[in-house]
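Q: TrEMBL lists these features:
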| type | residues | note |
| --- | --- | --- |
| DOMAIN | A:68-279 | domain 'ABC transmembrane type-1' |
| TRANSMEM | A:12-32 | transmembrane segment |
| TRANSMEM | A:67-91 | transmembrane segment |
| TRANSMEM | A:111-132 | transmembrane segment |
| TRANSMEM | A:144-163 | transmembrane segment |
| TRANSMEM | A:189-210 | transmembrane segment |
| TRANSMEM | A:257-283 | transmembrane segment |
Amino acid sequence: MKRTTEWIIEKLIFISGIGSIVFVALIFFFLLKEGLSLFASVNVFSFLFGVNWYPISEPPQFGILPLILGSLLVTLGAVVIAVPLGIASALYVAEVAPKWLSEILKSGIELLAAIPSIVLGFIGIATLAPFLKNVFNLPSGLTALAGSIMLAFMAMPTIVSIIEDSINSVPRSYREGSLALGATRWQTIYRVILPAASSGILAAIMLGIGRVIGETMAVLMITGNAAILPTSILQPVRTLTATIAAEMGEAVSGSEHYFALFAIGIVLFVISFIINLVADFFMNRNKKRNKKK
Amino acid sequence: MFLVLIMFLSSGCARGNKAIQIKGSDTMVNLAEAWTEKFMEKYPESAVAVTGGGSGGGIASLISGTTDIAKASRDMHHKEILLANRRGVYPLELQVASDGVVVVVNPANPINKLTIKELSDIYTRKVKNWRELGGPDRQIVALSRERNSGTHVFFLETVVKLGQKKNPNEFAADVLMMPSSQAVVEEVISNKSAIGYIGLGYLNNRQKALAVGKDKRGPFFLPNIATVKKGEYPISRSLLFYTNGTPEARVQRFIDFVLSPDGQEIVKTMDFVPIK
């Protein structure tokens, strides 16, 4: 009897484990099937490097270079803002703050992850955009920078918690050794702990990027969505994700426009896949190194 | 949204009555909900579920058979009708109200009237500064709705392309695409250089509506119920219902209600223009 139950449970766990991989594969094949149909009528080169995105014109133009650059610009901006802040807060939480305070801070940061992105977008459109408009004397505050700032907020929880984990996994002996040699606390953090946790920090950055580049709702609301080649972070941009979200409702299933949106999905999938792969590489290196010592 | 739908569905099933599905134009969501509310007061045994998704979304649902009524703020395209016919769907069109698309600016903007040509120049970025139109020296921030909006397509065809089918004009790439009418409203209220367009129902006194004329000689008309109904205001349109052929009785009862004096009174209270 016990054997059978165990057997059933084992199989169930096996199916659940395999299930997620199967789903990813199915999603990927569906994406490929729908997206690649576009290239029967549109040349890959003019899709990836075309500068005009006019999907509902006659004839339509499907150039996604402005969208790719838009996504990259917003992401880059968010990383530049979130990474230094993330490293600083993780260090404070893990190394400097007293225990009770670091517990409060940790839950606060986790709470940040619980705010729905549409709420952040709404706050952005009502407060951040007018603020940026006045500060930089812009025609409109709906810019890549507004998106970057909002996305930096969203990436923070991911970045902080992973960096904090990797700092905590730096062996105690490193810290003790450094302090015993007469280094101050800051010298220990800066010269010993940060380098020892560096792979974890890189992994955190990569996962933060992955979180940011896939984010949709907030950027749809506050980046202005103009499909131009961005030359400055103070310009409106249109991202890959916002384009899919904004246009999927109107695209007639089976039309070129519909396939083009799936093809954008493939581009996004490839970008996220590469980012995750790099993050994974750093995570593993971190683990191995910590095990060795 | 999903929960509400489930609730509608289950309450409908409990009474042995399928909910009438109405999908499509976001411009018409509030109107359709107002109709639904009064209709369900009058016929408590009926159930109606209203969702948005844009005119194109509604038409796509009608074609795939997942809605009883597609509400649309534009005519079905030839391509859509062909696709529908291929799937055995024969759309029947019915006008249920009219709507004026209002061009709005910040109240601090001294400009009061523009021609269709001037509006087209603004949205194609041939004109980039309010100075060129007799206003202050400020860069124009042109706001448009996203491409999933029936209002976007209507404005593109009537204003940007000057009402000419073959006209090659497009919204310039640096026109800001706003995800909702509310987002257009917010930006116009907070930005002195902005210009946007919205349905008549969204107009409030924190934005200024412009009078629009066909050409420089005028006459210019402000958008309101009277000018839209008479067709004097140049950017007005019909709000439509599409059904698959002659609708079944439970759907027909709803349509009859919409066209009744009660239904058309609701159109007026929602700031659209009744057809009767």
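Any Cβ shown, glycine's included, is placed from N, Cα and C.
Curation plays no part in TrEMBL annotations; they are all automatic predictions.
Quick caveat, the model's predicted, so the values are computed rather than measured.
In the displayed structure, how are the listed features positioned relative to their neighbours?
A: Under 8 Å from some Cβ of the transmembrane segment (A:12-32) lie the Cβ atoms of residues 262, 265-266, 269, all in the same chain and six or more residues away from its ends.
Within its own chain, the transmembrane segment (A:111-132) has Cβ neighbours under 8 Å at 138, 140-143, 145-146, 149-150, 153-154, 156-158, 215-222, 234, counting only residues six or more beyond its boundaries.
Outside the transmembrane segment (A:257-283), and at least 6 residues removed from its termini, the chain residues within Cβ reach (under 8 Å) are 28, 31-32, 34-39, 42, 47-48, 55-56, 60, 62, 64, 67-68, 71, 199-200, 202-203, 206-207, 209-210, 213-214, 240-241, 243-244, 247-248, 250-251.
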Q: Same-chain Cβ contacts of the transmembrane segment (A:189-210) under 8 Å, 6 or more residues past its ends?
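A: Non-local partners: 75, 78-79, 82-83, 86-87, 91, 95, 155, 158-160, 162-163, 165-167, 169-170, 174-175, 177-178, 183, 272, 275-276, 278-280, 282-283, 285-286, 289.
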